[in-house]
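The structure under discussion appears below in the form of structure tokens.
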Amino acid sequence: MGQTLGKSLDLVHCFTLQIGIFTRLITVHLDVAKLEEKSHLRNSVRTTRTLQEHLDRETLPSSDNYHPHFLKIGSRATLDELHLGYVCDQKNEEAAQEMVAGGVKFGWLQGVLVRCLLNIWGVMLFLRLSWVVGQAGIGEAILIVLLATAVTIMTALSMSAISTNGQIKGGGTYYMISRTLGPEFGGAIGIIFAFANAMGIALHTVGFCEALSDMLKEYWDIQIVDGGLNDIRIIGSITLVVLGLIVGIGMEWEAKAQLLFMGILVVALANFVVGSIIGPSSMDELAKGFVGYKLELATTNFYSDYRVSNGLQQNFFSVFAIFFPAATGILAGANISGDLKNPSKAIPIGTLLAIVITSFSYILFAIIAGVTVMRDATGDPANYTDNGTVSDYMAVCLGQDCEWGLQNSYQVMTLVSAFGPLNYLGCFAATLSSALACFVSAPKIFQALCNDRIFPYLHVFGKGYGKNDEPLRAYGLAFLIALACILIADLNTIAPLITNCYLASYGLVNLSTFHVDLFKPVGWRPTFRYYNKWLSLLGFALSLAAMFLCSWPTALVTSALVFTFFLIVKYRKPDVNWGSSTQVQIYKAALSNVQQYSNTDEHIKTYTPQILVMTGLPNMRPSLVDFAKLFCKNNSLMVCGDIVQERLSHSQRSERTKKSLRWLRAHKTKAFYSVVDNFSFPVGVKALLQATGVGKLKPNILMVGYQSEWRTSKNSEIDDYCAAINMALEMHIGVAVLRVQEGLDYTGIIGDFDVNATDSGKQPTEGNDNLAFEESQEDSIASTFTAFDDIHNIDGELPTDAADDYLKIKRTNEGLPPSTVAATKMKHMKKSRVMFKDPHGNELSSEVQNSIYRFRMKQKRGTIDVWWLYDDGGLSMLLPYILTTRTKWAKSKLRVFCLADAIEEQNSKRKSMELLLRKFRISVSDVVVIPDLTDLPSTQTKIWFDALTSDFVRKDDDSSIPDSKTPTIKESELMAQKPRTFNFMKLRELLLQYSTDANLVVMTLPISQKGKVSGALYMSWIEMLTANMPPFLLVRGNQTSVLTFYS
């Protein structure tokens, strides 16, 4: 029974599954039927399109997109093109073609290895290595070679790391150092290194002249003048002209000459080795000190025997200084990096291989010279016999001066060689090839330096000619420097000078690698891995130590020159951005310091004003920028805020930011610039205050210019202005409002700032910053620095006392023409060199210029009147004190005004205020107590205020108030605020009585409770206080102490 029931259930289950499957099939069938009704793509045929058509605006990854040149001409689609569908300007194909430079390019063998070999196997090998062995002995001579090799190996490893971290352009060592450590070190060492290479021309040319002079004397007994220095000078000058003609023809001929020299040099070196094996072939050679391989001689010559040479007692480091130029050839390939096919590959391989080959050969030749040639020999065959011992030969010179041997003759290699004249040819090939290499290197380095425009007035030498861009002018300069050094005509004098310059260059190459590897920017990815930052640091230390041990006076001069050039570049701040490791260091140091500062609790003593100044475009409000700079210069954070109510595209924002930052830098103002768009003024201010800065490096003061045209503005605009101030106070941010009678906005009066002018190195030309001048530009603006002639321009008259004071001021300049008044002021005020121009390019009048630069000028002797009415935490007192610490305001003394309840309290109030200021360590010239603020103002002042507000006051039931486009004040509000209004009227009278001749007036900004005072009435109060006054600053702190009298 159970089995039957189970089977029945299985049948039911299977039937149910079949029904479900059938239902799904029907559903699918129905869905397909529906889809066929709306089939758009099913039966369509795909058209044949290219991949580029499928990509639409996208671009495929390509090396061209990452080349610095293409980054400027735009080969990759921009985000605006992809996202917004903008059609950008067509790519500049001509500019792209200009990137490809013509001319001959060399590989690692001919371009690096051969050049390095020819330079290292130079004059020192043929003319000074034997002398080094004679002075230092075989052991210390090998040590000298190994020390030079250690420095060069470390430098080569560092150089290889740098050269494989991206493409290397022309300029060699200068290019690598400048792009790694920045223009300061790069420019300094570029000058030194180019000069060293120019002196290298002279060094190798003088070596050639020495060898030629000796050959002429030995074989033909010929001398031009005296067989000494003058002969060297004459031969050297002629040789230099010939070398100049060869390099002037071009790199192709110079490269062919190098290959010829290389062949001769190899044969000459082999000739020396063969000659040492053969031994002396005559008694003449034996008499000159060549005795062949002798164990006794090797034992004697193994130890040092330092003697006086050229009037100087030699030692290990003095000999090292003379020998070290032999090791300077390692940079011969890097110096023509711009002429290499693949510098990143060629420089490491060619340089390291050249160092290994030449170091081995120098050690080998030093040993050969030491075991085959005596230190001293007479050169007279009569003094020597065939069967004599080394001891017998050495005894000959004990009692007399000898002219031959390792210590006395520079032609030992010629003596040992199997065929002497062939050695002379090898010496000629070595010296001339090295001179040619230096003659090519020095101008190329100097050309790269000049083209970077790091130093002024040098760019004329950077001009290139022909398809190879040959620096003919730089060749001429190198020729003159070399000629001056050839006139010295002494190899031992020139060599130490070059040694210090090269050691300084090597040291900075090592320092570059250490520095960049220490901070490890993301872009530091060298393909050469066999380097170590600590080894580079050791190379730097060895180079620096060797400089001072070889010749400390020369090292001091070299260091002083590097430091001087460093300071020149640092001061000039060239407009270059090479992504150097110093930029990474600055970033990481700034980040670390900000984080550390943010974790430190604030203290009153460390308070600094960090100002967000609402300038808009800074170049249109230069006076406001200059005034804010007075508080922040070398002291604290300053940010120029800009609010644009329309939406800005990325390009518009970038251009606006670039223009503003360039203008700030051109005017030597250390400030940041921040712009927000698509915001109203108060919302924009709030956004800037909230978003600007990082950590505790955020604005704590909002500075705005006074809205001088508020009487003709819409009610909403006034409310926005007041709302921005209230917004800052709600965020516990201090507020400062600056008013000058001429205004602060010079839009339409001064010309726009030309960013391209600064890019091309021209002096920027600008105009001015104030709408108030637009209507009165043709009129005299002597009132900028004299009396305030419009002080009673609103219907009404001045109070009697104030009028008397005003008339006294006005009479001072009565009868004087405006130009005389301005000229008088200019005698006491220093104006910036940058002259502002109007939009048409015409220079603005001196009066307008003076008005713009009023806060950059030296202020006259006078006072800064501080009306410290309310305790806001001390900001109203701190800001004017900071002003007095500035040089331009040093003659302005602080005068403090404060309030008292009654006359009898004046003395006590005065004493308490003086005591408080002394505790704050703020020096003031006077403290004035105001006892009668609650007195009724004069009738004239009331009339003045009524005239000011007559167009704004409306009855409460006036139906036009909601739609009013002009400022409005309700009668009920005016009556409710009558006591405060009377106080401000009285303050105006007191201001006119005391402060009309002040250099600056600072007053605590009055605060009205939110929602109780309209914007129009609040602006009327500020207008009443500041109208027709000297520059006026209203300040309100956040009611938190910024001053303390505790240490």
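Numbering starts at 1 and runs along the chain as it is shown here.
From the backbone N, Cα and C atoms, a Cβ is placed for every residue, glycine too.
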Transmembrane segment according to TrEMBL, located in which of 8-27, 228-247 = 228-247
When you scan the chain for residues with a C-beta under 8 Å from the transmembrane segment (112-129), skipping those not six or more beyond its ends, what do you find?
-> 106, 141, 203-204, 206-208, 210-211, 258-259, 261-262, 265, 269, 322-323, 325-330, 332-334, 336, 340, 346-347, 349-351, 353-355, 357-358, 361-362, 365-366, 369, 410-411, 413, 423, 426-427, 429-431, 433-434, 437-438, 491, 495
When you check the transmembrane segment (472-491) against the transmembrane segment (185-208), do you get at least 3 Cβ pairs under 8 Å, counting only pairs 6 or more apart in sequence?
-> yes
Within the same chain, the residues 6 or more beyond the ends of the transmembrane segment (537-568) and with Cβ under 8 Å of it are 147, 150-151, 154-155, 157-158, 184-185, 187-189, 191-192, 317-318, 320-321, 324, 455, 496-497, 499-501, 503-504, 506-508, 510-511, 514
Across the domain 'SLC12A transporter C-terminal' (621-1047), what does the pLDDT come to on average, as a whole number?
-> 79
